[in-house]
Amino acid sequence: MLLAVDIGNTSTALGLFSGEELIAHFRIHTDRMRMESEYRVILKNLFALEDLPPPKAALLASVVPPVEREMKRAIERLFGVEARVVEAADTGLEVLIDNPREAGADRLVNAVGALAYPSPTGRYIVVDFGTATTFDLVEAPNRYLGGAIAIGPQTAADALAQRTAKLPRIDLTPPKAAVGKNTLEALRSGLVLGYAALVEGMVRRFKEEAGEALVIATGGFAETLRPLCPCFDVVDEDLTLKGLLRIHLGRG
């Protein structure tokens, strides 16, 4: 029984695996001010709510060190197991960038998760929608080749609302048409359709440089963009958690 934890800048995903089956999945807000005792209460309540058995192991991927520290302590005190934090060496990947230490743990874990999918060319492009959206190029059997970082769609929407006087916050749902007839539809067109165009354009450029690849989308916005991005071959919102499982099982 593995508890896999993906600590992102905005939200934290937790998955409980029995063998290779994901039997429970939770998402909570990432709060840098929460203490270990608070995370312990949250975890205890989540497990009690679903009547879940305690994990026998825990593995964390994190881009937020203060939360990582408190979450690790909470898991270890509540469940009495070691909570390991993934390092680049744990992934089994050959990280072929200028400074391998700069590669985010979540991106490397995504690469491990992607390698579970069969790719006719042995290459993968992973698109992960979060606070930032990342594009990563991976090559079988274990090569991480680099990528790109763009602003996340919700981050862009929030920034626009904060820095303009008359533009409201909106939910990121696809508009009826590209040509908006009111402010809300115009915003949705620019933010959703514009973002889809960004994704399609980046994937096209990656393929022009590296050749054909299996495109895997993950993160909370992936399902919204699925009908707008024909470049997606796979949408897997649990890719990071599955990558953590593969590392735990020694398949990284």
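Indices start at 1 and increase along the chain as displayed.
From the backbone N, Cα and C atoms, a Cβ is placed for every residue, glycine too.
Less than 8 angstroms from the CB of Asp106 (active site, proton acceptor) sit Asp6, Gly8, Ala61, Ser62, Val63, Asp128, Gly130, Thr134, Thr240, each of them six or more residues away in the same chain. Per Swiss-Prot, active site, proton acceptor is recorded for Asp106.
Positions annotated as ATP binding site by Swiss-Prot: Asp6, Ile7, Gly8, Asn9, Thr10, Ser11, Thr12, Ala13, Thr131. Secondary structure from DSSP puts Thr10 (ATP binding site) in coil. Cβ neighbours within 10 Å of Thr10 (ATP binding site), excluding its own Cβ and spanning all shown chains: 14.
Other Cβ atoms within 10 Å of the Cβ of Gly104 (substrate binding site) number 19 in total over all chains. DSSP gives Gly104 (substrate binding site) a coil state; it is part of no helix or strand. As annotated by Swiss-Prot, substrate binding site applies to Gly104, Ala105, Asp106, Arg107, Thr183.
With a 10 A radius on its CB, Asp128 (K(+) binding site) counts 25 other CB atoms from all the protein chains. DSSP gives Asp128 (K(+) binding site) a strand state. The K(+) binding site feature in Swiss-Prot is assigned to Asp128; the stated evidence is sequence analysis.
Taking CA atoms as the reference points, Thr183 (substrate binding site) and Thr10 (ATP binding site) are 27 Å apart. Counting only the Cα atoms, the space from Arg107 (substrate binding site) to Thr10 (ATP binding site) is about 16 angstrom. Neighbour density around each Cβ, counted as other Cβ atoms within 10 Å, peaks among the binding-site residues Asp6, Ala105, Thr131, Thr183 at Asp6.
Geometry remark: Thr10 (ATP binding site) versus Ala105 (substrate binding site), CA distance 15 Å. Here the Cβ of Gly8 (ATP binding site) has 24 other Cβ atoms within 10 Å, regardless of which shown protein chain they belong to. Cα spacing between Thr131 (ATP binding site) and Gly104 (substrate binding site): 13 Å, rounded to the nearest whole number.
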